[in-house]
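Trainee: Per TrEMBL, domain 'TNase-like' is recorded for 26-165, 192-327, 340-494, 523-658. Here TrEMBL flags 727-785 as domain 'Tudor'. If you look up TrEMBL, you'll see 1-23 marked as region 'Disordered'.
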Amino acid sequence: SVSQAENSGCRGEWIRSPPPPPQLSVLSGCAIIVRGQPRGGPPPERQINLSNIRAGALARRAAQGQPDSKDTPDEPWAFQAREFLRKKLIGKEVCFTVEYKNMHREYGMVYLGKDTTGENIAESLVSEGLATVRREGFRGNNPEQARLCDLEDQSKASKKGLWSEGGGAQTIRNIKYTIENPRNFVDSLHQKPINAIIEHVRDGSVVRALLLPDYYLVTVMLSGIKCPTFKREGDGTETPEPFAAEARFFTESRLLQRDVQIILESCPNQIILGTILHPNGNITELLLKEGFARCVDWSMAVYTQGAEKLRAAERSAKERKVRIWKDYVAPTANLDQKDRQFVAKVMQVVNADAMVVKLNSGEYKTIHLSSIRPPRNEGENKDKDKRFRPLYDIPYMFEAREFLRKKLIGKKVNVTVDYIRAATGPGEGTPAFPERTCATVTIGGINIAEALVSKGLATVIRYRQDDDQRSSHYDELLAAEARAIKNGKGLHSKKEVPIHRVADISGETQKAKQFLPFLQRAGRSEAVVEYVFSGSRLKLYMPKETCLITFLLAGIECPRSSRNTPGGVQVAEPFSDEAMLFTKELVLQREVEVEVESMDKAGNFIGWLHIEGVNLSVALVENALSKVHFTAERSAYYKTLVAAEEGCRQRKEKVWANYEEKPVEEVVHLSEEKERVANYKPVYVTEITDTLHFYAQDVETGSQLENLMETMRAEIAAQPPVEGSYSPRRGDYCIAKFADGEWYRARVEKVESPAKVHVFYIDYGNREVVSSTRLAPIPPAFSTRTLPVQATEYTFAFIQVPQDEDARADVVDCVVRDIQNSQCLLNVEYSGATCPHVTIQFGDTKDDVGLGLVKEGLVMVDVRKEKHLQKMVTEYLNSQESAKSARLNIWRYGDFRADDADEFGYSR
């Protein structure tokens, strides 16, 4: 029978077009394997042995697992015979005739070309002295056999090949099957191309190659990719993964027994990684492009021919859904093109791996940088009493945030969404995460994530090989991380980690008081806006002073946002959200200058904030989002503020929408008519302080408090809190066990140590220093939202308390004796710096308690100027004169104030 087989790749570049399907390989100097036309998969193989001749046997390695077996070397001229055939046949068209079959072997003649008129391969071998003729089997007068004998005689006469002098010892290869130190061997080649012959293809991406000229037989895995493989089962059989056989045939048909060059690129864990170079193309890229392989991150880094080409080839196969990607769905397949790629303005940097951007539509969107992880806290928080602040307490988090803030805030960036990370529920030790949009963000052609990683301010997330949800520039991120590690940058540095000792003096009145003169003298100070609470209330970071302060804008009255108060949720005023958004867009995370003028009683600084020449107070008024406050009259910006306000008021914009001018006369008339209002309400006095302030409960809500306490104590008795499990923090509401053994609602005022916690009993007004073991979290059902704080602080109106300690103690004792733990009547007369000033009457006699103290000469009168209070002030002054005349208590030595006012701290 006559058949033909042709090896692939002989016509043009096989990287551009599929090769001609038939294929052959050379087993030895007298045996070849041919394959027919592939139909629906790799074609079957057929071995043809050349009849009438014999070539030398090639070297064989000792059988693995059999200690007695030894390596068998080449017979003389065997390798030269194999090479003669390989070079003559591989890539050429041949035809063959089968003469006879012996057991499972077929013997015949092979001709170069399309028919038997071509060169007879057996004759060529014999004439070159590379094979001997099997004369013992000749019968009769066979012209072909006779010609072989003649050619052999001529070869002998010419002393060619086997018939040359010396026996051919020089033709025996010294094959090295193992390399003692593969890594050193690979490194010694310095990634220079080395000549080789591909001897065997194990799967699409793993080959056995003979390195020339030293005859190292090595297994090489293609760098950067992996093809489906053949899994070896327990019984020795192999099970191919989908497309494993096709991938192997794809590589075999292009590379088997070809002369190639190999760049040996790396050797991790004794595995040699390399790239095979062939004049017709790069098999690594082609396997990816045809969907026979996928990219592999761990070996991609060593690929020397450009990792981006491999990713592009894989992307092409995915888009066409070929072979292993037939069921592929892109991570952003459900997104419109406009949602996949867009330009946006960065408004805020969150931690060090995310940002809030403003789209052209005005919508805000949070974007996470793909495939990177911000700095993390490795150890436990050592100082349990100290509040953990990730931005300052996690090493390099502040540097990473600052890098992004300085580079991006207020700038337009290009966003390419790589994947949407689905929301996850809380697991063991892991928090819940909402859905995340992960993207590559670039500005001026710079990939921000790559820049962050290269500075050692973030690390690259490692993925499972089949996890496609990753950055579209993942290889650049890995390369940037490798550079950062090599150069010891940031997180990879061996130096001491930077520590940021940032004092938060928001709400710390004492610290704020000490700091105020310093800021006032400084004039304009640099600051960074860290947070916007409302249109006019901000948290600032002062870089020179390394502290955080709460800053209120001076000179304006801005609509208040909704907030929780002891009395419940305070509803937001109109345009409060617009004012907050305006301030956020203008100053959040920007570098600004502030002028501090004063501070309020809560430790918040008040002043003016400037950004790029714009005064934020003026800007809010100009945009009709604030009104001018009377306190602005003293400032240099008053005229600008009033002019800006006037325009908005006339146009009735925003906060002025419902404005109606009122006649001036009406205001004057009202102020003249104002009189003292006597609206006494019943209260229960629970606590008197050393400064003569007192706390009282409203009698009307007394029953609610009793019910709440009863229910709360019953619940605590049923489920007692675990002693010592509560970790108190300043400002926390909690429950505390009083000396009577009962639990009461309280607020933590100061934590000196776990054994010394200062608490204030919010429903009674008394204070105590307790151990944290006597504290527990307040059950939600009994919080201040259910029932507001019941003890309200008051002080006496029209009264000045003596500075002398003994005199003051006499007054406090008298008041404690008279009204503590008793029901009285209370009327608010005027407001004070810390609490309302009131007059209080005994519940039974209705006598004025404060007036009684004046009559007894225990206190002095505080003279108020308000017209509507003059009647009361006169009554108090007359009583003081009577006490003076009778030389009672503080007046027993006469009017001491005239000469000694300054010395004793009294003022008239």
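Along the chain as shown, the residues are counted starting at 1.
Placed from the backbone N, Cα and C atoms, the Cβ positions cover glycine too.
TrEMBL labels come from automatic prediction, so no person has curated them.
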Trainee: Residue counts in helix (H, G, I), strand (E, B) and coil for the domain 'TNase-like' (192-327), per DSSP?
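Mentor: The domain 'TNase-like' (192-327) comes out at 43 helix, 50 strand, 43 coil.
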Trainee: Please work out the helix, strand and coil residue numbers for the domain 'Tudor' (727-785) from the DSSP assignment.
Mentor: 6 helix, 29 strand, 24 coil
Trainee: Average pLDDT across the domain 'TNase-like' (523-658)?
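Mentor: Computed over the domain 'TNase-like' (523-658), the mean pLDDT is 88 on the 0 to 100 scale.
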Trainee: Determine which recorded stretch among 26-165, 192-327, 340-494 has the most C-beta pairs below 8 angstroms with the domain 'Tudor' (727-785).
Mentor: 340-494
Trainee: If you run through the domain 'TNase-like' (26-165) with DSSP, how many residues end up as helix, strand and coil?
Mentor: 41 helix, 40 strand, 59 coil
Trainee: Using DSSP, what is the helix/strand/coil residue split across the domain 'TNase-like' (523-658)?
Mentor: 41 helix, 52 strand, 43 coil
